[in-house]
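Report on the following structure.
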Amino acid sequence: MESQKALQQKGILYAAGAYMMWGVLPIYWKWVEEVPAEEILAHRIVWAFVFMLFILGISKRFGKFVGELLSLFKRPKLFISLTIASILISGNWFVYIWAVNHNHIIEASLGYYINPLVSILLGTIVLKEKLNFWQYVAVGLAGIGVIILTFRYGTIPWIALSLALTFALYGLTKKLLNYDAMIGLTMETMIVTPLAVIYLFMNGEHGFGSFGSISPVSTLLLMGAGIVTAVPLFYFAKGAQLIPLYMIGFLQYISPTINLILGVFIFHEHFTSTHMVAFFFIWVALFVFSMAKTKFLLRKQPKFLKNKSAKVS
């Protein structure tokens, strides 16, 4: 039997591996950028569903999946919740693929940096969770970063906000569902697979389909979209079971950091002084957010809030 320390180390490797795979995902989507984003999404959904069925089969959980599927028809609220989750994650995937293949990797990384802050805001609104003074400061600092980009470029950074909001809402839906991660993802991809198949069929019928008409390597990469979707999620699910939540919170910044490095140094996207200032506010916000419940910062908050925060934390 493995010690607690060994299990935690294994959990860190699983979770860090998941975030590193998500971090380098832009390279994969760039390899198939000749294919429209909506078609890549359709293939990602279909092949992710196929691969998830394979994973359930080899892990001897297919029977449990069938049982859950049969019970789904007797639980309309669960079906609606899973449908909402599948729409949210599909929307998130589409925006991310579109952003990568239209040279907006930097803004996509911004979305995943601010995602935890959007999640805590949703927690206060929907779950009535309480924030302490420093958590509010963190949200405010991130908001300043977004406002700077908005005023400088005259448009809301919709890619970043869409990615942050859809993934935060997806996380909230999953939290309320409290459903098995692997079976849940299989259900979610199953729900939207018929729409993806219809889209691919119609696209092919009208002569717009890329599958088979592009190079064999690109065709295989489209099929591999299911693997690059499922494997990081499998690693993440394994890691999340073995390490505390605060460690997940720390490791999650690996992915957008790799995205940002790729966007600036590999794909040579413009990283202006305005971006630097906006990202500075967001990085400070994330630091404050990470330290918000430490004794050091709790002692530094306004006196009238100290007792209240002590009760909450």
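Just so you know, glycine gets a Cβ as well, placed from its N, Cα and C.
Keep in mind that TrEMBL annotations are predicted by a computer and have not been checked by a curator.
Taken from TrEMBL, the feature domain 'EamA' applies to 10-150.
Sequence annotations record features per position, and here TrEMBL assigns transmembrane segment to 12-29 (among others).
Per TrEMBL, the feature transmembrane segment maps to 41-58 (among others).
As annotated by TrEMBL, transmembrane segment applies to 78-99 (among others).
If you look up TrEMBL, you'll see 105-126 (among others) marked as transmembrane segment. Remote same-chain residues near the transmembrane segment (105-126) are listed as 26, 96, 99, 135, 138-139, 142, 145-146, 149, 157, 159-165, 167-169, 171-172, 249, 252-253, 255-257, 259-260, 262-264, 267, 269-271, 275, 278-279, 282-283, 285-286, 289 (criterion: CB distance under 8 Å, separation of at least six residues from the stretch ends).
What TrEMBL lists as transmembrane segment is 133-150 (among others).
Tertiary proximity for the transmembrane segment (156-173) is limited to same-chain residues at least six positions away from its ends with a CB under 8 Å from its CB atoms, namely 81, 84-85, 88-89, 91-92, 95-96, 99, 104, 107-108, 110-112, 114-115, 117-119, 121-123, 126-127, 146, 149-150. Sequence annotations record features per position, and here TrEMBL assigns transmembrane segment to 156-173 (among others).
Beyond the ends of the transmembrane segment (185-202), by six or more residues, the same chain brings 38-39, 41-43, 45-46, 48-49, 52-53, 56, 65, 68-69, 72, 82-83, 85-87, 89-90, 179, 209, 211, 230, 233 to within a C-beta distance below 8 angstroms of the stretch. Summarising the annotation, TrEMBL assigns transmembrane segment to 185-202 (among others).
What TrEMBL records for 214-236 (among others) is transmembrane segment.
Annotated transmembrane segment per TrEMBL: 243-267 (among others), in sequence order.
Marked as transmembrane segment by TrEMBL: 273-292 (among others).
Remote same-chain residues near the transmembrane segment (12-29) are listed as 40, 96-97, 100-101, 105, 108, 221, 224-225, 228, 231-233, 235-236, 238-240, 242-243, 247-248, 251-252, 254-259, 262-263, 266-267 (criterion: CB distance under 8 Å, separation of at least six residues from the stretch ends). Broken down by DSSP into helix, strand and coil, the domain 'EamA' (10-150) contains 120 helix, 0 strand, 21 coil. Note on the domain 'EamA' (10-150): its mean pLDDT in the predicted model is 92.
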